[in-house]
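Engineer: The structure follows.
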Amino acid sequence: VHLTAEEKSLVSGLWGKVNVDEVGGEALGRLLIVYPWTQRFFDSFGDLSTPDAVMSNAKVKAHGKKVLNSFSDGLKNLDNLKGTFAKLSELHCDKLHVDPENFKLLGNVLVCVLAHHFGKEFTPQVQAAYQKVVAGVANALAHKYH
């Protein structure tokens, strides 16, 4: 992903304020609610029958935190996203058989959640930078599929 120095600054500046536990769970929860077919990858998570059940599910929150911690690793390695996510790409492709389109969906949901949490601070410039990053991460996660 090619980001300008200003875009990198915008991304890292906002990311330093992100509560990974809260935002991760909310992003994954919203993915599972807005795109319910993604729930099939989370059969072991228990009750996902209603939006309230999804958003209060401890396993959704825990996995969302794990996802965002991996995303944080990506932010530290923007010049080598494919390398950073190589093992996760392999896992999601070969073992879990996740449709790579879901990575794009989750990235877009994450952008929505960040906008919700940061309001006016999430300017169009910040959004544009984050859209580049989530697209790059989704592409890196889909790399094993190519």
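Every residue, even glycine, has its Cβ placed from backbone N, Cα and C.
These figures come from a predicted structure and were not determined experimentally.
For reference, Swiss-Prot lists these features for the protein:
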MOD_RES   Val1  N-acetylvaline
DOMAIN    2-146  domain 'Globin'
MOD_RES   Ser44  phosphoserine
MOD_RES   Lys59  N6-acetyllysine
BINDING   His63, His92  heme b binding site
MOD_RES   Lys82  N6-acetyllysine
MOD_RES   Cys93  S-nitrosocysteine
MOD_RES   Lys144  N6-acetyllysine
Engineer: For the domain 'Globin' (2-146), what does DSSP give as the number of helix, strand and coil residues?
Structural biologist: 119 helix, 0 strand, 26 coil
Engineer: So, three-state DSSP: helix, strand or coil for the residue listed as 'N-acetylvaline'?
Structural biologist: coil
Engineer: Among His63, Lys82, all listed as recorded positions, which has the most CB atoms within 10 Å of its CB?
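Structural biologist: In terms of Cβ crowding, the pick is His63.
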Engineer: Are there modified residues among Val1, Ser44, Lys82 that sit within 10 Å of Lys59 (N6-acetyllysine), Cα to Cα? If so, list them; otherwise say none.
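Structural biologist: Correct set: Ser44.
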Engineer: Going by Cα-Cα distance, which of the recorded positions (Val1, His63, Lys82) sits nearest to the residue listed as 'phosphoserine'?
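Structural biologist: Nearest by Cα distance to the residue listed as 'phosphoserine': His63.
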Engineer: Take the C-alpha atoms of Lys82 (N6-acetyllysine) and Val1 (N-acetylvaline) and report the distance between them in angstrom, rounded.
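Structural biologist: One finds 10 Å between the Cα atoms of these residues.
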Engineer: How big is the Cα-to-Cα gap, in Å, between the residue listed as 'N-acetylvaline' and His63 (heme b binding site)?
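Structural biologist: Distance (Cα to Cα, whole Å): 25 Å.
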Engineer: Restricting attention to the domain 'Globin' (2-146), give the mean pLDDT.
Structural biologist: 88
Engineer: Which has the fewest other CB atoms in a 10 Å radius around its CB: Val1, Ser44, Lys59, the listed modified residues?
Structural biologist: Ser44
